[in-house]
Amino acid sequence: MTLEMSPEQIQESKIYREWGLTDEEYLKIKDEILGGRLPNFTETGMYAVMWSEHCCYKNSKPVLKKFPTTGPQVLMGPGEGAGVVDIGDDLAVVFKAESHNHPSYVEPYEGAATGSGGIIRDIFSMGARPIAILDSLRFGPIDNGKTRHIVDQVTAGIAGYGNCIGIPTVGGEVAFDESYAGNPLVNVMCVGLIEHKHIQKGQAKGVGNSIFYVGAKTGRDGIHGASFASKEFGSGSETQRSAVQVGDPFMEKLLLEACIEVIQNHGDILVGIQDMGAAGLVSSTSEMASKAGSGLRLNLDNVPQRETEMIPYEMMLSESQERMVLCVKKGHEQEIIDLFKKYDLDAVNIGEVTDDGFYTLYHKGQMVAHVPVDSLAEDAPTYYREAKVPERIQKFTDSEKYLPEITDSAVSEIFKKLLAQPTIASKKSIYETYDSRVMTNTVVAPGSDAAVLRVRGTNKALAMTTDCNARYLYLDPEKGGAIAVAEAARNIVASGGKPLAITDCLNFGNPEKPEQFWELTTAADGISRSCLALDTPVISGNVSLYNETNGSAILPTPMIGMVGLIEDVKNITTQEFKKAGDLIVLVGQIFDDFSGSELQKMLTGEISGKIDFDLETEKVNQDFVLKAITDGLINSAHDLSEGGLAIALAESAFANGLGIDVEVDLSNAQLFSETQGRFVLSISPENQAAFEKLLTESSASSEVIGKVTDNGILKINELSISTDEAVSIYEGALPCLMK
């Protein structure tokens with residue numbers, strides 16, 4: 001039980017500092033907001049979580065304003081539980097990504113599981129039925145025992161929650177780097193489908209309307225979780241287990257179905273709905289009121305509790321999972337109670353909407369908080385941080401390009417070593433723990449460029465992916481940010497989809513350090529540039545800052561989640577070569593792009609140098625490939641990324657056990673170059689003429705570089721290895737390293 005302090009004791013002890021408030025912020029609350037009154041224990045705690053970076057984006061709000069967020073396809077952008085994009089037929093796709101980084105280091109299983117649960121609630125709070133989960137994971141070196149434990153438990157947590165609730169985990173990415181050793185990244189994306197008429201907002205309006213608490217009971221888990229996520233890791237952070245929530249996917253399944261039933265069958269009495277996520281009850285209710293320009297009066301005696309003698313501070317800040325807030329029209333309370341009772345869930349009237357603009361709490365007949373509602377939400381502070389270019393950036397800019405030399409005798413061994421690199425090697429051992437087929441909508445499961453799910457009742461499908469190569473951002477945040485969006489779009493296009501929009505998780509270091517704030521704001525410039533060029537507005541997202549351990553920051557890692565629309569399921573394309581005799585086509589030119597590459601990291605142990613990125617060529621090549629797919633000319637398509645052409649060719653050959661015979665005018669090293677904007681395609685010989693005719697109508701570059709064979713040999717210039725041996729290395733590397 002938390003011991004409550006008096007307002008005077010709070011001021012004297014400055015305990016608010018431990019909760020994340022600065023002296024200046026505390027004085028602002030006391031003098032400017034409360035007119036000289038000392039905030040009490042509950043009020044101070046509420047401001048501490050609501051003014052955390054995790055809740056109010058006080059350091060990143062100016063950066064987020066750079067993003068393009070509108071477009072004809074966007075029905076709802078940032079500001080609600082998730083973004084909503086039109087896909088025609090009065091249907092929309094709803095999606096968002098969230099981070100659960102700090103909790104997943106302290107308690108990897110529960111941290112990852114509750115990260116999944118939280119983002120699922122964001123989706124069904126919009127009225128959508130969740131249809132897919134994707135993840136983006138970053139870990140330290142896998143030869144470290146602690147890292148292996150975190151990998152094992154994080155993936156088990158995601159699998160456990162998704163498998164139990166019955167939502168398929170269909171895609172994602174995993175990468176390893178020293179910078180994540182003390183600060184893994186666990187980003188989870190959820191995608192849902194909705195009819196336009198059921199789209200909801202998180203708002204509490206209409207004087208006298210009732211505020212309902214629904215779902216699981218409140219405990220003491222997760223108190224100050226939002227503040228915990230807004231600080232650097234230090235030597236004692238691993239012991240902060242009370243800040244980590246505990247999830248129950250079976251409870252969430254009931255909550256999901258109950259909320260969907262309310263929205264679809266009782267939408268006329270539902271004013272607003274929101275998930276109780278970070279900062280729990282105070283965040284959800286104050287945000288709903290602030291967005292509507294209302295006030296709220298809540299009676300905490302009615303809050304369902306699973307622990308005894310909880311004080312208002314604990315009830316308001318608890319981040320117990322599987323809880324929602326509903327605003328219901330006055331006079332219809334019993335309908336809500338009866339509906340949730342059918343699912344054996346609590347549905348309790350805890351307050352009402354007012355018109356005084358205040359957030360007022362009562363407990364045991366006493367007023368325990370009375371503050372302006374906007375001061376908790378819309379009027380939280382915003383900081384304009386100093387940005388300074390890190391010294392390393394100038395060094396990289398002035399340096400020569402990294403140009404490795406690989407002899408004919410060494411190229412096959414280099415290729416084998418690259419196949420076994422943890423970031424490149426097959427993640428099959430991870431994604432096979434996920435149920436990717438439940439709900440029976442999955443057409444393309446994990447392992448291809450993007451996951452693809454059919455849209456039932458239509459001839460359409462959705463392609464979805466997560467992407468980011470943080471090494472590029474370390475060398476050049478602007479170009480790296482632009483590349484992250486472009487690679488996500490390449491994955492969608494290679495699957496036959498037209499990119500629609502993105503969500504993001506901006507994982508960066510301490511924004512109070514000018515060099516790290518520069519990384520954030522510069523990466524946002526690059527993301528915006530690609531979003532504008534590729535017509536993929538930012539419709540939702542999340543910011544996770546202070547990803548540092550003992551002063552050492554992670555690589556800047558803005559994860560991009562993207563969804564694309566496949567208008568006709570016949571255009572769904574996968575990366576594997578289909579049959580011997582098909583021609584292998586390279587779209588895009590290959591240059592000496594080794595800075596930040598997997599090859600550079602493997603051969604030198606570091607990354608350095610300057611990177612190039614031609615966004616105009618990227619767009620041209622993507623448009624050409626998508627047109628070739630929709631014209632029915634392509635049998636397979638795969639984007640080139642880590643490991644370059646050689647790795648992409650191998651991955652395309654693996655699934656069906658085929659061979660390749662490729663002769664291409666490249667040096668041995670260039671087989672592993674990571675020039676952007678490239679695809680490997682396979683086409684039937686009878687489609688070659690039509691393909692080349694289409695090429696003449698585009699400014700894209702393309703050449704036939706070989707053919708698919710059935711001899712089981714991967715031959716690329718002087719590189720030669722059996723497909724079976726390559727598959728064995730590729731699929732066996734990660735399980736071997738995890739032992």
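Glycine is treated like the rest: Cβ placed from N, Cα and C.
Among Gln245, Gln394, Gln622, only Gln245 appears in Swiss-Prot as part of the substrate site alongside Ser99, His100, Asn101, His102, Arg121, Glu319, Ser320, Gln321, Ser544. Site annotation (Swiss-Prot, ligand ATP) includes Tyr57, Lys96, Asp504; from Gly20, Gly127, Gly541, the additional listed residue is Gly541. Closest to Tyr57 (ATP binding site) by Cα-Cα distance, out of the binding-site residues Glu98, Asn101, Asn542, is Asn542. When the recorded positions His54, Lys96, His100, Arg121 are scored by other C-beta atoms within 10 Å, His100 scores highest. Closest to Gln321 (substrate binding site) by Cα-Cα distance, out of the recorded positions His54, Lys96, Glu98, Asp504, Asn542, is Glu98. Taking the centre of the Cβ atoms of Tyr57, Lys96, Asp504, Gly541 as the ATP site, the nearby residues of that chain (Cβ within 8 Å, site residues left out) are Leu64, Pro78, Ala97, Glu98, Thr503, Cys505, Leu506, Val538, Ser540, Asn542, Val543. Comparing Cα positions, His54 (active site) lies closest to Asn542 out of the binding-site residues Lys96, Glu319, Asp504, Asn542. For the pair formed by Gly541 (ATP binding site) and Glu319 (substrate binding site), distance between Cα atoms is given as 20 Å, rounded to the nearest Å.
Of all the binding-site residues listed here (Arg121, Glu319, Asp504), Asp504 has the Cα closest to the Cα of Glu98 (Mg(2+) 1 binding site). Every protein chain shown contributes to the tally, and the Cβ of Asn101 (substrate binding site) ends up with 24 other Cβ atoms within 10 Å.
According to DSSP, Glu319 (substrate binding site) is assigned to coil rather than to any helix or strand.
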